[in-house]
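A.B. asks: I have a structure I would like to understand better, so I am pasting it below and will then ask my questions one at a time.
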Amino acid sequence: MKKIAVMTSGGDAPGMNAGIRAVTRTALQKGLEVVGIYRGYQGMIEGDFIPLDRFRVSNIIQRGGTFLKTARSEEFRTVEGRAKAAAHLKKEGIEALVVIGGDGSFRGAAALHAEHGIQVVGCPGTIDNDLYGTDYTIGYDTAVNTAVQAIDQIRDTADSHNRLFFVEVMGRDAGFIALRTGLASGAESVLVPETTTYIDELITKLEEGRKLKKASAIIIVAEGDDEGGALDIAKKVNEKFDAWETKVTVLGHIQRGGSPTAFDRILASRMGNSAVEALLKGSTNVMIGQRNNEMVEVPFTQASKHHETLNPHLLELVEILS
Ligand SMILES: Nc1ncnc2c1ncn2[C@@H]1O[C@H](COP(=O)(O)OP(=O)(O)O)[C@@H](O)[C@H]1O
Ligand SMILES: O=P(O)(O)OC[C@H]1O[C@](O)(COP(=O)(O)O)[C@@H](O)[C@@H]1O
Ligand SMILES: [Mg+2]
């Protein structure tokens, strides 16, 4: 193997730049040439490539987003689109690829391997933490820290006015961001898609809080919750409970940006490094995961099929401590 490519795909996540840097510098150190692919699979289809040297990845470890840009490409979902993409890779002499992205990106990589024999290894890059086989994905820790900081600020104003806040966090159909954010911000309750949400139970809890003369209440709602988003849930609660004035905040894309935490930079650096080592020893169709602080290889088929379960003890802890 002489030349590899690296790309970012799907939703951006803080730490992706640190991952690109780690892939590039590890590969160069092993005597490989490295090419960056702009705009995910769409850039691959269009042959939008840039040679990477050690200086091209200087001064990016601390930057959010991804300097290679990212995209969601409908064309890559087609056999024809993938054939165009593979033709560009072959013309450039690229034999192997590191994809930093989520479950969808790994499905795309698996198709590229099946149809065109390109060797593919993935690094989990998504704020949602919704991949099986890794304790953490790149960007998750930063997103949680961003959300916690925002909720600390909401708590100041909620307390001053004695209000009830519903704060919606991202996570698509997973509740990881919501759970960790709720624990760290001392939320009264966390509503996640993985467990059934009972509006009546929530109201009982809020009433108990009123009786205890709590100054405010903050409920964290995962965007994919089974009872709907924060606005829907606030409405349902308000139909039966209006003792507190109620406000809704949707944190949205601020959770995706910002400088990555030290945790995410280190995770991305280790994963990028392991991805190149995996390619060199001939692995393909695997994601690099972190398990008990060790780097491991997880087949794409497992990684993208489902995600880890939420820790029920942590869900319980939110209730115990609130
Ligand atoms: N089943 C699939 N076959 C081929 N390509 C896919 C498939 N699923 C996703 N992709 C490609 O991967 C891209 C990123 O996937 P997406 O689900 O949007 O984000 P993520 O990788 O963060 O989960 C898609 O826009 C598409 O180009
Ligand atoms: O930026 P978009 O296209 O609105 O997508 C929003 C979605 O992307 C995410 O921020 C990240 O998801 P992916 O990493 O799977 O792309 C989700 O939490 C959210 O549901
Ligand atoms: Mg995804």
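Any Cβ shown, glycine's included, is placed from N, Cα and C.
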A.B. asks: Using only what TrEMBL says about ATP binding by Arg72, Ser73, Gly102, Asp103, Gly104, Ser105, identify which of Gly11, Gly15, Gly171, Gly175 is listed for that site too.
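C.D. replies: Given Arg72, Ser73, Gly102, Asp103, Gly104, Ser105 bind ATP in TrEMBL, the matching entry from Gly11, Gly15, Gly171, Gly175 is Gly11.
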A.B. asks: Arg21, Ala22, Val23, Thr24, Arg25, Gly186, Ala187, Glu188, Lys214, Ala215, Ser216 show up in TrEMBL as binding ADP; which entry in Arg39, Arg155, Arg172 does that record put in the same site?
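C.D. replies: Of Arg39, Arg155, Arg172, Arg155 joins Arg21, Ala22, Val23, Thr24, Arg25, Gly186, Ala187, Glu188, Lys214, Ala215, Ser216 in the ADP site that TrEMBL records.
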A.B. asks: TrEMBL has Thr126, Ile127, Asp128, Met170, Gly171, Arg172, Glu223, Lys247, His253, Ile254, Gln255, Arg256 binding substrate. Which one of Arg163, Arg180 is in the same site?
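C.D. replies: Of the residues offered, the record points to Arg163.
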A.B. asks: Which binding-site residues from the set Arg21, Thr126, Arg172, Glu188, Lys247 have a C-beta atom lying less than 6 Å away from ligand 2?
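C.D. replies: The qualifying binding-site residues are Thr126, Arg172.
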A.B. asks: Return the member of Arg72, Asp103, Ser105, Met170, Arg256 nearest to Asp128 (active site, proton acceptor) in space, with distance defined Cα to Cα and candidates limited to these binding-site residues.
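C.D. replies: Looking at Cα distances from Asp128 (active site, proton acceptor), the smallest one goes to Met170.
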A.B. asks: Near ligand 1, which of the binding-site residues Val23, Arg72, Gly102, Thr126, Ile254 are found, taking a Cβ distance under 6 A to any of its atoms?
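C.D. replies: The qualifying binding-site residues are Arg72, Gly102, Thr126.
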A.B. asks: Please tell me which one of the binding-site residues listed here (Gly11, Asp103, Ser105) sits closest to Arg256 (substrate binding site), measuring Cα to Cα?
C.D. replies: Gly11
A.B. asks: May I ask which of the binding-site residues Gly11, Gly102, Asp103 have a CB within less than 6 Å of any atom of ligand 3, listed in sequence order?
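C.D. replies: List returned for ligand 3: Gly102, Asp103.
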A.B. asks: If you count the other Cβ atoms within 10 Å of each Cβ, which of the binding-site residues Val23, Met170, Ala215, Ile254 comes out on top?
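C.D. replies: Buried the deepest by this measure is Val23.
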